[in-house]
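Colleague: Before anything else, here's the structure in question.
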Amino acid sequence: MEQFLLDNADRYRKLVGLFKPAALNKKTDSGTEAASSDITVSARIRPILEEETSQGFPDSVFRRGPSSTVDVHELRQPVRGLPTLNATQSSNFTVDQVFGPDSTTNQIYESLVKPLVPWAWSGGVSTLFAYGQTGSGKTYTVSGLQRHVAGTLMGGAMEAERKVHICIIELAGQTAHDLLNARKQISILEDSLGTTQLAGAVEHHVTDKGALVALIDIAASLRSTASTLMNDTSSRSHAICRIRLEDPSDPEADDGLLYLVDLAGSEAARDRSAHDAARMKEAREINSSLALTKTLKHVFDPAGARALRTVVVACVNPCLADVGASKNTLRYAEMLRAVVPRARPAAFDPAVPATWNNAQLRTWIGRSSGTPPISPTLLAPQETGPQLLRLAVPEFLARCLQTAGVTAEQAQAFQTKFWKLHIDSQKKKQQQLTSNLGLKPNSSTSKPTSAGTRGEEETEGDAAPTRMERLSSSADPEPGADSIPFKQRIRPGMVVGWSRTWTVAGGAVLRAEKHLGVVLCPAAAVGPRVCDVRGKEKERYLCAMVLPGMMSGAYSVSLWRQTVVDVEQMEAEVLMEYDEATRFYYMMV
Ligand SMILES: Nc1ncnc2c1ncn2[C@@H]1O[C@H](COP(=O)(O)OP(=O)(O)OP(=O)(O)O)[C@@H](O)[C@H]1O
């Protein structure tokens, strides 16, 4: 194919010179009508590089005059006659703004990216991300823009004071590393409010432009790179720079967030032939990284509550040899303009603690915390609903106990009540989302099933839970199973409880601990290292430990922490249910 293009390069240039574009549909060329004002999608066509022109490849991507439309030309060999360029083989794409090969990064900053800075400064969430084929100019663009952002942020021209914190992480495949902490591995987690947390990433507080730029440079030099055909120092990972702006005068205010994201390159078809299967698998993993989806979730989440501004730069390599990849990049840019939803600030809802400001939270605490009422001033001096939900449980309880006359039981019951309200509201939100998407709700979001209440909760006309629905809790899916003693029906997935005691000589119990575990399989099934050495009459099962989660009453299953438990040792079957809203397991009552 490349030889065909090189052999016909002169003819191609002549045909492109004669190309007369058809008039565009006014609506799509307006540059704004199809787009949401929250997101601006631009395309940057980089200059063709010396190494590309020296091989003889012409340009294939052109900005159409001063418009926001890009024409892409291809050359095809018809069955008979000379190679042609015609309407079906040339395409046009319309985005919000196009930057041609002569545009500078400074021009892109001034017209597109600069407004993201005051937006984040005043508490919004701003995101810039650049994507495109390997070698299309993403790193060139993002690293230039980062420097301009540092100048505006630290230049002293912004009103009021903000504390500036930065962290820069790298996502490769399903793993994430902290580029400002010796590439230490971190986790990307979603908390119960659906907000993504970069767990384990170190934030650096910076006070001047020099320090900010120095950190950006350290991260850039640490980014994992590998050589590809397209670009010898090609980045093989996504780099995410997050700048958090804290308003010290208003602790109730949400922090402003500014994300600057340099996505991993998508490899062009012409690279693929030269790359082995492992390398291609790695590329697929990088691009479909779950961690990335989580990190950029706020941009695509229609239920997101924060005010967002997003700028996308689709980077395009103009070389004719890469025209297929360039068309994909531009097609995706057009799609993004249409699909990214508008952000809607969450309205106050008395049943949704995540929507409460400090005054609304205090009113609720005063009314709902029992007798004596827990002091709202002591429990939530300045927190909003979401901030109190994030407070560690011991701290929550300690604050409750500062009110005279409040007992530990009252404090615990009130904490549980607050969490239950939050969990119920998240379940409703999930249900709403599921029904908006036309999906069949599953049992954990529709009607909780518990051994004691299964069937009783069903309203008239409800179908009996299917086997799949019954399997969303740890209860035995076989109807009537609970009339059989649990030791006679042990099965994978059953949750069992047991105690372990440590005794000293003389038989005194030094320590007793309660444990929970999910049965995986009979211990003998996993090979000699865990075989039952004590004979058949003592059945033993391999169990994954169930451990307390971050909040009270919540558990998580630690699949890799396994233990062998004798049936004799097991004390009870424990029924647990998974809650999608909080992503934890809870005991069923
Ligand atoms: N607008 C531009 N002007 C001049 N040179 C550019 C421009 N954009 C990119 N380049 C050059 O093109 C080459 C590839 O750019 P860059 O490394 O930014 O690509 P990339 O898309 O980040 O690639 P990868 O996905 O492999 O990381 C570099 O040599 C860079 O200097």
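Along the chain as shown, residues are numbered 1 onward.
Each Cβ is built from the backbone N, Cα and C atoms, and glycine gets one as well.
The ATP binding site annotation in TrEMBL covers G132, Q133, T134, G135, S136, G137, K138, T139. The compositional bias 'Polar residues' annotation in TrEMBL covers 431-452. If you look up TrEMBL, you'll see 38-290 marked as domain 'Kinesin motor'. Annotated region 'Disordered' per TrEMBL: 430-485, in sequence order.
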Colleague: For T139 (ATP binding site), name the DSSP secondary structure in the helix/strand/coil scheme.
Modeller: helix
Colleague: How many other Cβ atoms are found within 10 Å of the Cβ atom of K138 (ATP binding site), counting all protein chains shown?
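Modeller: Around the Cβ of K138 (ATP binding site), 27 other Cβ atoms lie within 10 Å.
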Colleague: Could you tell me which three-state DSSP class T134 (ATP binding site) falls into?
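Modeller: Coil, per DSSP.
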Colleague: Give me the long-range Cβ neighbours of G137 (ATP binding site): same chain, 6+ apart, Cβ under 8 Å, in sequence order.
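Modeller: Result: R44, R46, C315, N317.
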Colleague: Least buried of the binding-site residues Q133, T134, S136, going by other Cβ atoms within 10 Å?
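Modeller: Each of the binding-site residues Q133, T134, S136 was scored; lowest Cβ tally within 10 Å is T134.
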Colleague: Take the Cβ of T139 (ATP binding site) and count every other Cβ within 10 Å, whichever protein chain it belongs to.
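Modeller: For T139 (ATP binding site), the count of other Cβ atoms within 10 Å is 21.
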Colleague: I'd like to verify something. Among the binding-site residues Q133, T134, G135, K138, T139, which ones have a C-beta closer than 6 angstroms to some atom of ligand 1?
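Modeller: T134, G135, K138, T139, by Cβ distance under 6 Å.
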Colleague: I'd like the Cβ neighbour count for G132 (ATP binding site), meaning other Cβ atoms within 10 Å of its Cβ, all protein chains included.
Modeller: 27
